[in-house]
């Protein structure tokens with residue numbers, strides 16, 4: 001592995017990936033190619049089904065279509081570079097390319113979390129205030145929620161990229177990860193990372209936790225409202241509208257908190273595996289979770305596939 005002179009600046013990084021063993025590269029390439037193709041196909045089908053079925057033109061599916069689009073972009077930011085590195089001997093990425101990948105990874109990943117919060121708010125209004133649902137979740141507020149969810153994360157990501165760009169990387173250029181993530185890069189810096197670390201633990205924590213707290217608040221209110229429903233059938237129906245979204249939230253946030261809410265020095269191989277869950281696997285699982293557990297989505301996909309065959 002390349003070691004750079006202590007006084008020089010790093011112009012490229014080496015991404016070690018998931019395994020450094022040559023015999024693992026082709027099987028990993030095939031596996032992640034399949035995952036990527038399934039992710040793109042599944043999320044595209046969700047988007048097309050929602051656009052083609054008027055019965056799915058509701059706020060919940062409006063948010064879901066944007067979530068599927070962001071998942072396609074999120075996966076495309078990471079997986080194609082992984083596929084190239086699986087078949088390449090050098091496994092390098094330029095300094096600018098690394099910062100660009102990290103910028104879009106954080107911007108799109110945080111957009112995912114804010115869209116999940118918007119979807120939780122939608123379910124909260126639908127269950128806890130059904131008589132005002134049409135007014136509260138009209139087209140304009142939904143568009144504003146999506147615009148906010150898509151724009152604010154870019155400012156957050158830009159802040160961390162600008163701070164990272166102030167650091168000096170002059171010792172090793174080997175990143176023990178499959179993409180340019182902030183923690184492995186901070187460990188390579190030979191200048192002080194105090195400001196970066198402080199920003200992550202303050203602004204970063206507030207930015208990541210805020211949508212999660214909104215989701216928790218929404219589900220606590222939903223749970224209280226559902227427990228007041230006298231009939232078991234009514235309770236099951238209310239819970240069924242939230243089941244898919246709640247599963248996605250647990251999968252997404254569980255892996256994020258496992259990776260990032262721990263000391264920088266303890267970043268290990270297990271963290272790389274956990275990072276796979278929210279960066280790659282959640283984008284693939286989302287279409288299955290939302291379609292297999294949702295009758296309306298199943299019907300919309302059935303109509304779409306029937307229309308393609310005719």
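Cβ coordinates come from backbone N, Cα and C, glycine included.
Just so you know, TrEMBL annotations are computer predictions that nobody has curated.
Per TrEMBL, the listed range annotated as transmembrane segment is 205-227 (candidates: 182-204, 205-227). According to TrEMBL, the feature transmembrane segment maps to residues 103-121, out of the candidate ranges 103-121, 122-140. At the 8 Å Cβ cutoff, the transmembrane segment (62-83) and the transmembrane segment (205-227) share fewer than 3 close pairs (sequence separation 6 or more) and do not count as touching.
Over the domain 'G-protein coupled receptors family 1 profile' (42-290) the predicted model carries a mean pLDDT of 90. Counting Cβ pairs under 8 Å to the transmembrane segment (28-50), the top-ranked stretch among 142-163, 205-227, 273-292 is 273-292.
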